[in-house]
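Pulled from Swiss-Prot:
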ACT_SITE  Asp254  active site
ACT_SITE  His303  active site
ACT_SITE  Cys407  active site, amidino-cysteine intermediate
BINDING   Asp170, Asp305, Arg322, Ser354, Ser355  arginine binding site
COMPBIAS  39-51  compositional bias 'Low complexity'
COMPBIAS  52-61  compositional bias 'Basic and acidic residues'
MOD_RES   Ser46  phosphoserine
MOD_RES   Ser49  phosphoserine
MOD_RES   Lys385  N6-acetyllysine
TRANSIT   1-48  transit peptide
Amino acid sequence: MLRVRCLRGGSRGAEAVHYIGSRLGRTLTGWVQRTFQSTQAATASSRNSSAADDKATEPLPKDCPVSSYNEWDPLEEVIVGRAENACVPPFTIEVKANTNEKYWPFYQKHGGHYFPKDHLKKAVAEIEEMCNILKMEGVTVRRPDPIDWSLKYKTPDFESTGLYSAMPRDILIVVGNEIIEAPMAWRSRFFEYRAYRSIIKDYFHRGAKWTTAPKPTMADELYNQDYPIHSIEDRHKLAAQGKFVTTEFEPCFDAADFIRAGRDIFAQRSQVTNYLGIEWMRRHLAPDYRVHIISFKDPNPMHIDATFNIIGPGIVLSNPDRPCHQIDLFKKAGWTIITPPTPIIPDDHPLWMSSKWLSMNVLMLDEKRVMVDANEVPIQKMFEKLGITTIKVNIRNANSLGGGFHCWTCDVRRRGTLQSYLD
């Protein structure tokens, strides 16, 4: 528009055109020079950045340090939890809904403080022995960093002390070459991931995929403040309706509510895992993996592996006290359903966070070797009849903190390939 207007002005328009052209030429020349210099600088910066990127990520090893598709392929590397500095969680609604009524006075008295010192000392010794035996069986063992879980922390929505780093199965799940951090539902576990970060960063630098699921705010809306605690009948009724102490306010799940069988992963809606959390996993893992929701006759579900533990291709231990509602799905696929014997743990042994059925919470080292409690003779005999060698370890005091061998571990690498066992 400026050029047209100048042309209409006669000779002064021509002079204007000449003037503007000369200025434009100088401007363009300067722009080209600056652009060229900028391009050179950007190219150099890009080269430096690429070199830095290459230095950070290359060369990648041929074999990823993280690789596991199921619960039974030959175990090569595992994370084993720590009992050190374990703290009794504050007695909040989500803890109350997940614990036995006879232990509520214990939580009310000791919440926010360390578990009994002598008991922890015994548990630490048991887990050290477990680690030594795993190493003797040829398995690489990694441990989380020691942390003082008694420290109080505060977010905009709540304040709490911590719990422990005893159960890596609760917070971590490996699917193929990816390690996923779970968005757990207990407020006392909000910062539990910190104990595992140095291990996971090492795996990431060596080529593994690392995903952290959306962390919940754990605001009051995540919990049903009126959840019926005392009535088992009400709990059964609500569980059948898919209602638990956690709401659908935001996704949450414990990794221990998922169990893997190649392309098929089975999950339960529980007191700590909601449907939004399961849906997040379903979308995240699709289309290579299929996430199936299964349920059990269980008024207080929390973690699937002491209820439904897959120990081999098409072989599952199914808790007789908590039968699976979808068991026909597995029978039609030709799976072998094994009913484990009743556990023999004494009634007076403290189980602050679990049931006696930790006896079936075993760790498969491969299809023919299983790590099992040294005290649980009936289930040892069951495995021996199946042709599976039992590796006996005593972790009775470690059981009190809420887990068996499967809970106390996260299998990082198993020697195997992705297959389908349900088709």
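Cβ coordinates come from backbone N, Cα and C, glycine included.
Around the Cβ of Asp170 (arginine binding site), a 10 Å sphere holds 28 further Cβ atoms from the protein chains shown. The separation of His303 (active site) from Arg322 (arginine binding site), Cα to Cα, is 12 Å. Distances between the Cα of Asp254 (active site) and those of the recorded positions Asp170, His303, Asp305, Ser355 are shortest for Asp170. A separation of roughly 9 Å, to the nearest angstrom, links the Cα atoms of Cys407 (active site, amidino-cysteine intermediate) and His303 (active site). On the backbone, the CA of Asp170 (arginine binding site) and the CA of His303 (active site) stand 8 Å apart.
Taking each of the recorded positions His303, Arg322, Lys385 in turn and counting other Cβ atoms within 10 Å of its Cβ gives the largest count for His303. Around Ser355 (arginine binding site), the same-chain residues at least 6 positions away in sequence with a Cβ under 8 Å from its Cβ are Ala306. Within the same chain, the residues at least 6 positions away from Ser354 (arginine binding site) whose Cβ sits under 8 Å from its Cβ are Ala306, Asn399, Gly402, Gly403, listed in sequence order. Lys385 (N6-acetyllysine) is 22 Å away from Asp305 (arginine binding site) when you measure Cα to Cα. Asp170 (arginine binding site) falls within a helix when secondary structure is assigned with DSSP.
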